[in-house]
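Notes to accompany the following structure.
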Amino acid sequence: MSAPIVETKKASKRRIRRIPDDQRQKVSSACDNCKKRKFKCSGEKPCFECSKKGHDCTYTIIDKRSLRGERMAKLKQKKDNNEKQRELVNEQIAQSSIIHPQITPVLPVPEYANVTYQDSSHSTVSGNDSYHLSSSSSIPQNLPAIVLPDTLRDPNNRGILTPGSTPNSVSSESSVSNVCVPKSLQPLLSFPLENKNNLRHKSEEPDMDNNTNNVPKKGGISNQEGKSAILLVDKSGAFRYMGETSPLSVLYEARGIFYEYVGSTKLTEDLRGCPVTDKPLKITMKEAAPLPHPSERDVYIERFKVNINGAYFVFDMDKFYEEIVDKVYENPNSDLVQENRVLLYFVLAIGSTYKDFSERNPQAEKGAHYFESGRLILRDLVEDSAMWCVLCHYLQFHYYESILKKSTALVHLTAAINYAQSLGLHRNFVNEQFSKLTAEYEYRRKLFRSLYISDRISSVFIGRPLIINDYDWDDPARFKNTNASVLPLDFNSKCHIELTRICTLVGRIVANFYQDKMIDVKKTKNLAIQLRLWSKGLDPELAFGNVLNPSQISNNEDNGNTVILLGIHILHLWAVMLLSRPFFMFEAISKINPEMRKSFEEEEELSKQLCQAATKASILAIKLMNHYINTTFHEIKRMECYVIITCCFYASIILGITILNGTFEEAGYTENDLMNSLKDAQYILSQFSVCNKGAERYSEINLDLISALVNRHKGKEVKPVVDNWSCNLFNDFNFGDTSGQNDVQTMMDFQQFFVSSDLIQFEEITDGTSSLPFDYNNYNLFFGDKL
């Protein structure tokens, strides 16, 4: 007989609450009537519904979700206790850090508190304000501040200081608490100076009215509480970012160095930017503006040719008239010519704008009307990825750059490059399909070279990522000398190829130094060799001497080839500055903090030569641009100046730091020589400042830099500078109509031998990772991520 089957029932497991009961939050609270009728209860006694209908309002079911009020009261009490404990600790630190009244500070001691201005000497943040460079000191300060309690912080302060949010007053209580901080509490990204006597006298701290905010005084340039940020806000308040390769990044570092040497000056305190709204223009027109009379049209097209097409190839001008201008003027309203009509309007807009600039008319209203007309027509067209789309966005890029909308311009440059890549302009085997049509083949290659040049110049000048990858473009002309080309090339095409090769080297410098966070000595030597080899293998027709003698340049009736040749040599000198900049800044900071030098003793001679190369390149670039301004510029009135003003400003900052730390004596020139170069830079920038807000602001900053250098010796005995070098290469070095062959040879020698051959052997040019990488102290503070 089988055993009876017994049914077993699984015992139900009780669900375990993941959150303890005392930490559960209230979801709802309702009386019995509202729960029964599923009405929304106000939770009061009596509730709204019961009061309205006269029911008895009772709460018989109480769960722990209804006890949130008691729990929150306990949490608030706990938070208040923590605040009192924190204030007590700060008070104890303040009492233990009282300084003897006889100690005086050697250098101003900044305190890094992120607080709000009370009485700013500069403009405050507003919609009509110029955008502000939130420029922070890359130089470490002796005594970083203790972080204020949350109750003392401005709730609207988000950590981005502008002149409108920089403090200028101090409370006696908070200032005392910031006098002495142990090393262990110093921020990670700071250079602790070992001079313990650099302490602030308590009696030197100004008192503050009790009714004002208790905020500590801000000294120097803010480092955003340990973050090294290049942050911009344009006139409308839109946020923009400038990266490590931009001149504003160099200015940011220079302000910190000047603060350490000179203290608070207008250079370190005036953080204004350019009053530009960097956004696309709105379309307000209902119909396009009429095309200008042919005679007026030809003037605008000529201005476009001089300012843009000579250096940044866009059109073959003969075909431009034949295929675009003539057809559009025959029947402007035909559906077959609307794409060409858009291109013509954009060309007229650029030409008209630069014509007004040459006449010192910064408004350029006619150019704005033509540009808006082109965009109005473009709005009704379909961008079909044809060649006209590449040209359309490339022309918009040039127009926005002319009115200083750099971020907006870069957006259109990106679109133009994407369309060009979709057409295969970056692939040699695709372009070779047009080999039977030689003109089309060369046009495609030259247009993509222009896009590449614009990418390398514009992206690097504002510190943005490069758009075109070198591995993705297989044009063989980038890696061969111009005289090795199969097809015969005119002078402008040769210059175009060499300009592309220089831009390739600039891209490699950026990739090797400013994308990585490690300086590689072997890569530095490799890039120095490549810069030297470029100069050594340059076609004699394109040599530096021809810039000084435009009459010897072929096909140069309108001086267009002089401009592109000038651009080649200026960018080569700027590439030397860019290559040398990390070493130059390292040497400048090492003067303040000698302990840093111990991290780089093995390659000290290389670093020294690169620093001198940065100074020499800056001097030569300014002299070369000054010669151009005094000669060719007055003849052609070319107002496109992005390369000139950026390199000029970059060079002036390098010379200012050179004067400040006294390294000019080792290089063989006097302070007076460098000051004259700074004055030349001021003259160059002033030529474009009327119609270019960027040049105007650069000019103001350069004046502040000169003023800070001149006034730094006030109250001190100025020691005369003695030049002990037997060969003073750059004294009385001047380019002019009577310049001798020695001056030209000096320039050519520098381009080929800016670093000694004893330190760099040509066999070191092989690729590969270096076995001697080194990391500068606080590298992230200067060249790392700045957000």
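Quick reminder: no glycine exception, Cβ is built from N, Cα and C everywhere.
What you are looking at is a predicted structure, and each value in this text was computed from that prediction instead of being measured.
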Where Swiss-Prot places coiled coil among the ranges 69-97, 156-184: 69-97
Range among 31-57, 355-381, 544-570 that Swiss-Prot annotates as DNA-binding region: 31-57
DSSP-derived helix, strand and coil totals, residue by residue, for the DNA-binding region (31-57): 12 helix, 0 strand, 15 coil
